[in-house]
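Presented below is the structure to which this report refers.
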Amino acid sequence: MIQVLLVTICLAAFPYQGSSIILESGNVNDYEVIYPRKVTALPKGAVQPKYEDTMQYELKVNGQPVVLHLEKNKGLFSKDYSETHYSPDGRKITTNPSVEDHCYYHGRIENDADSTASISACNGLKGHFKLQGEMYIIEPLELSDSEDHAVFKLENVEKEDEAPKMCGVTQNWESNEPIKKASHLNLNPEHQRYVEIVIVVDHGMFTKYNGDSDKIRQRVHQMVNIMKESYRYMYIDISLAGIEIWSNKDLINVQPAAPNTLKSFGEWRETDLPKRKSHDNAQLLTSIDFNGQTIGIANIGAICDPKPSTRVVQDHSKINLRVALTMTHELSHNLGIHHDTGSCSCSGYSCIMSPVISDEPSKYFSDCSYIQCWNFIMNQKPQCILKKPLRTDTVSTPVSGNELLEARIECDCGSIENPCCYATTCKLRPGSQCAEGMCCDQCRFMKKGTVCRVSLVNKNDDTCTGQSADCPRNVLYG
């Protein structure tokens, strides 16, 4: 019988308040410092996993005790999740690190039906939670040990600049039909759709974070964790298929004109990424300051299209919640959702698809967004999001700690008897093109057009490319 592990964090008797502090999230006015102390209640003889499936924390916020319930976001990563970076001489280096025992959670506050939470427990607690209608940020204090945390309202973070931030999509949605309530859609798990995304980080981002790939990786993971929560009630399941960091140089011309960058990124994605990575949608995360007030742009209704199923987003805030909701906004354009108008409403201060990004962003879609998204899905029938993500790359690449592997690994070197792969060097044997994969047969790529995965919903079976051992997910019938 599987027993749920209960973890309680008790606070020291005297948490204190401060008036101003500089944190990773920015300059903060009015914050509390709390001192978590972990108390674990385990069955006798049980071994504590590094990151439990379910956790519970007791916190004091504004002097009042609250209980935070957390559950690991098990669907955060695709099973063939990969990470790619580039060596100084331009070599592409790809690894498949294990992400099953990750540290990213969703949750709620006890006795608060409207509460939400997205938390990283990798190094202390970092993330946000909604309590009694207010959004709070929690993060470890970097200048002390991991038990010291700051808790503060999002509204208490000083603005990084006064200029309003806008989406670059200018196409407006107009309809003479009255907006129905989202509940009239009768959405249920049978409507579930699945979107596998790849996040590409440009060279400016790599420089902005001082070449720290671990920091970039964790930031992307935290933001996709937030995205996944936002789409939950839309019955759209988001998973991260991979991260690519342009650590050597940009592979496209990243420029302040957002539409031009979007066009270039789409062209690169079409000719490069699908050949080596199964995914439904790709995003460029950039440090560049786009012209005007734009912080993101995307193609409307382009999901599953091999070229325009893309979006570009500026890393415009130190607070990952704000950038994550911009990423959600732009992906929603790909899913056929337009900007909200005055007749649209949600349960937040503002809605995700507002054309102007609020300083207090909402994690809620409007009634209009629900209708537009599912009208698009039902009418346009994008095929790539019908299939629940499956493992398409069975290679388990060894990694050292959290570092990206610095040597090229061509095959799974787990078996000495593998006729395609040298066990000692993880290199393919002479004459071998592959060692494993749905499009690999006797160490050779299967011919182009060979069916590798039969479609259960239409006649668009997935076929081999003749250039890879992977069975690519069909993206040509959106």
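Each residue's number is its place along the chain shown, starting with 1.
Backbone N, Cα and C atoms are what each Cβ position is placed from, and that goes for glycine too.
So that you can see what the record holds, here are the features copied from Swiss-Prot:
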- Glu330: active site (ACT_SITE)
- His329, His333, His339: Zn(2+) binding site (BINDING)
- Cys304-Cys384: disulfide bond (DISULFID)
- Cys344-Cys368: disulfide bond (DISULFID)
- Cys346-Cys351: disulfide bond (DISULFID)
- Cys411-Cys420: disulfide bond (DISULFID)
- Cys413-Cys421: disulfide bond (DISULFID)
- Cys426-Cys440: disulfide bond (DISULFID)
- Cys434-Cys464: disulfide bond (DISULFID)
- Cys439-Cys443: disulfide bond (DISULFID)
- Cys452-Cys471: disulfide bond (DISULFID)
- 193-389: domain 'Peptidase M12B' (DOMAIN)
- 397-478: domain 'Disintegrin' (DOMAIN)
- 1-20: signal peptide (SIGNAL)
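Using the Cβ center of His329, His333, His339 for Zn(2+), the list of other same-chain residues with Cβ within 8 Å runs, in sequence order, Cys167, Val169, Ala298, Glu330, Ser332, Ile337, His338, Ile352, Met353, Pro355. The candidate set comprises the binding-site residues His329, His333, His339. Of these, His329 has the most other Cβ atoms within 10 Å.
For Cys368 (disulfide bond) paired with Cys464 (disulfide bond), the C-alpha to C-alpha distance reads 39 Å. Most buried of the disulfide-bonded residues Cys420, Cys421, Cys426, Cys434, Cys443, judged by other Cβ atoms within 10 Å, is Cys421. DSSP assigns Cys421 (disulfide bond) to a strand in the three-state reduction. Cys440 (disulfide bond) falls within a strand segment according to DSSP. DSSP assigns Cys452 (disulfide bond) to a strand segment in the three-state reduction.
Taking only the Cα positions, the spacing between His333 (Zn(2+) binding site) and Cys351 (disulfide bond) is 14 angstrom. Around Cys344 (disulfide bond), taking its Cβ as the centre, 21 other Cβ atoms fall within 10 Å, counting all chains. Rounded to a whole number, the distance between the Cα atoms of His329 (Zn(2+) binding site) and Cys346 (disulfide bond) is 15 Å. Taking the Cα of His339 (Zn(2+) binding site) as the reference point, the closest of the recorded positions Glu330, Cys434, Cys452, Cys464 is Glu330.
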